[in-house]
Amino acid sequence: MRSFIAINIPQEIKTKIAEIQRKLKETRADVKWVNPEGIHLTLKFLADIEKSQVKEILSAIKTASEGVKSFSLEIASVGAFPKVEYPRVLWIGINDETNTLKPLWQRTEENLSKLGFDKEERDFNPHLTLGRVKSLKGKEKLIPLMLQSKDLSIGRFDVKRISLMQSVLKPDGAEYSEIGKVELLF
């Protein structure tokens, strides 16, 4: 089953993200938009795993999160990879003022590598994907709007658990379901 490790986003944040997407869609840029209901913060894409691996993956996440207390993240700023002027992936940024997220990601990577999963070669750049640019059509309207939104603050939420998610690809987009979770300390 196609799986990944993620932090799920509260509904009130998803509603605000949907409003940002609505404004960006008005530019009619050629973007394949992510369904706001499925937006999440990916810590690690695992690709296809066997059901028999779920328990050991959850154990690796639990070990990585030992001693980690629930922490707060701010959802802020709109940007693009590789950069706003040449957008391929549109995103909303994550501010981690407690500096908890990156060490948690590093420990998760380390523990999963012991199970045979490849370590991510790129540095961790936490973000929520809004959409993927298919062509440069509409770019002249999209870029100025994104630049106006670069310092936008959307809200904060408390991270209380890390989820192991299943992704089922469908013609109208992926469907996600939680297949396991690790609770953080309170």
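Placement of Cβ uses the backbone N, Cα and C atoms for every residue, glycine included.
Unlike curated records, TrEMBL annotations are generated automatically.
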- Message: Quick test of your reading of TrEMBL: among 71-74, 83-86, 127-130, 163-166, where does it put motif 'HXTX 2'?
- Response: 127-130
- Item | Matching range for TrEMBL feature annotation, motif 'HXTX 1', among 16-19, 40-43, 140-143, 176-179 | 40-43
- Check the motif 'HXTX 2' (127-130) for me and report the mean pLDDT. 97
- Please state whether DSSP places His40 (active site, proton donor) in a helix, a strand or coil. strand
- Cβ-Cβ distance under 8 Å to His40 (active site, proton donor), same chain, at least six residues away: Ala6, Ile7, Asn8, Ile9, Leu128, Met165, Tyr176
- Item | Within-chain partners of the motif 'HXTX 1' (40-43) [C-beta distance under 8 Å, separation at least 6 from its ends] | 4-9, 73, 94, 104-105, 108, 126-128, 162, 165, 176
- Query: Among all the protein chains here, how many other CB atoms are within 10 A of the CB of His127 (active site, proton acceptor)?
  - Reply: 19
